[in-house]
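Features as listed in Swiss-Prot:
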type    : residues                                       : note
DOMAIN  : 11-251                                         : domain 'ABC transporter 1'
BINDING : G45, A46, S47, G48, S49, G50, K51, S52         : ATP 1 binding site
DOMAIN  : 278-510                                        : domain 'ABC transporter 2'
BINDING : G310, E311, N312, G313, A314, G315, K316, S317 : ATP 2 binding site
Amino acid sequence: MNKAHLDQPLFKLDNFSFMYNTSETASIHQLSLSIYENDITILMGASGSGKSTLALCLNGLYPEAVEGTTKGNILYKGKNIAEYPRGIINQEVGIVFQDPESQFCMVRVEDELAFVLENLAIPRSEMKKKIKKVLQQIGMLEYIDADIHRLSGGQKQKIALASVLLMEPKYIILDEPTANLDPMSRLEFIELIIAIQKKTNTGVLIIEHQVDDWEMYADRLVVLSKDNHILIDEKPETAFQLHQNMLRNQQIAIPMKYLDNQETIKKVSHEKSMPVCLEVHHLHYYQKKSAILKDISFSVKQGEFITILGENGAGKSTLLQCLIGLKKYHNGNILFQGKDLQAWDRKILSKHTGFVFQQPEHQFICDTVFDEVAFGMRLNNYTTSEINHRTISLLQAFRLLDHQWKNPFTLSGGQKRRLSVATMLDETPDLLLFDEPTFGQDAHTTKELMNMILELQAQGTAIIFVTHDMDLVDTYCERALVIDKGSVRFDGNPQSLWNQKELLQDTRLREPYRVRESVKREVVHMQ
């Protein structure tokens, strides 16, 4: 550990194990760990190492909310967590998930926050004051009457945090809270958490795969191994400096500032002579008379890799869904392989295209992981031998073979994401669209996925890729399209984009680490 504590730990885990009844192996295995009330602790581990399960056990939701068994003990304030009256732990240990919508019950912001206070039996006469106070605290007072579904991802995450803060928790758990946020919303959310922590002295547990923007604030780094044991428990700086090989072996992303040599990936460049795969002409899309997409025009060639960037709520996901025919646009037209998109037979179109959703659960329709991957092949009349061979190959490539007979909805967040990508790769499609496919993924899986995408690109598949990861864009992508308030603000090489400071600021983007460090070195040299 990083510092001596004379006080009693807030949490004390003593050989604690948790196993889902549907699993043959424990998700958490004999963990012994002390967590202190005022510390900022980062929890890292490969996808499926038990991080989220541990968070839900600390919060008191598990094992009560699922079918699972525990061994050992979790003590909270020196008392076994199971001995507390129902609801006490949930109130004192707040949790914010990576998908804020999974926490919302109401339509309007004020009603959502009032619902929390009603459950705490707060008199109605006091509610308005408390709601305004917490919204003021997170900088969202002007949205008190807003519909939650109209808020951006960053704004929704702040409302989820406000719901937790209203309970005046003793401890806050953040389970990948910035995974879906644009670069500036991510920084703002982190700064908000740190400001709240300093003001209230509330302890925070941060579960993340990428901690470049968090680690400077943390007192402690705890790393769970792939076999669900504690591998590292010390200061982040010490761990990232001294244990890089160990962390890489455990598929942990090391913050870039600790890496001496940045890996260089050779980008796959499409042949300029390749035919056009997709054409978009003056596309407009409206929602309740509001223009979500305005006069969008661009084209994509076979074998081209385009990333679509923009702040939360800019229209990126809507554009992807229009491009694949999931949303019906109102003006303009889209041509795929020279033919109007709306004229294509849906079954034939699905053979040539693939779409990976932002939320993996939105595309699951089968009871087992194996059947989920095999589903498209069965629709396309593959032989049983072909289905078995191809499905097993994909499950191995995405490290899901050991989970092939599980229900997709019981997988970890990272495993669900890998499955959602695998289901789209039963053939080599002409066009693949990805909506933030790397969020929630460990470093190893992200690299594997990107290598697989580069292989598809080299075979002629056109790739359209939405992401908030600027380092990933800098490393892999040859062309960037920036959407701002529904319109195209930039279309060109990412290297050109990094030089346009005003545009980056307007669209809430950020230079990748490589560029930021280069600028710092130039400033130091000039001094």
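Glycine residues also receive a Cβ, built from the backbone N, Cα and C atoms like all the rest.
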Reduced to three states, what secondary structure does DSSP give G45 (ATP 1 binding site)?
strand
If you take the centroid of the Cβ atoms of G45, A46, S47, G48, S49, G50, K51, S52, the listed ATP 1 site, which other residues of that chain have their Cβ within 8 Å of it?
T53, L224, S412, G414, D442
Name, in the order they occur in the sequence, the residues of the same chain whose CB lies under 8 A from the CB of G50 (ATP 1 binding site) and which sit 6 or more residues away.
F18, S27, I28, H29, L224, N228
Taking only the CA atoms, the spacing between G45 (ATP 1 binding site) and A314 (ATP 2 binding site), expressed in whole angstrom, is 32
Grab the pLDDT values for the domain 'ABC transporter 2' (278-510) and give me their mean, rounded.
92
Taking the Cβ of G313 (ATP 2 binding site) as the reference point, list residues of the same chain whose Cβ is under 8 angstroms away and which are at least six residues distant in sequence.
L151, S152, G153
Determine, from DSSP, whether N312 (ATP 2 binding site) sits in helix, strand or coil.
coil
Counting every protein chain shown, other Cβ atoms within 10 Å of the Cβ of K316 (ATP 2 binding site) number 26
Provide the number of Cβ atoms within 10 Å of the Cβ of G315 (ATP 2 binding site), excluding the reference atom itself.
23
Structural state of G50 (ATP 1 binding site), classified by DSSP into three states:
coil
What other residues of the same chain, not counting G310, E311, N312, G313, A314, G315, K316, S317, have a CB atom within 8 A of the CB centroid of the ATP 2 site?
S152, D182, I483
Candidates S47, G48, S49, K51 (binding-site residues); nearest Cα to S317 (ATP 2 binding site) turns out to be S47
All-chain count of other Cβ atoms within 10 Å of N312 (ATP 2 binding site):
21
What same-chain residues, at least 6 away in sequence, bring their CB to under 8 Å of the CB of G310 (ATP 2 binding site)?
D182, K316, V482, I483, D484, T507, L509
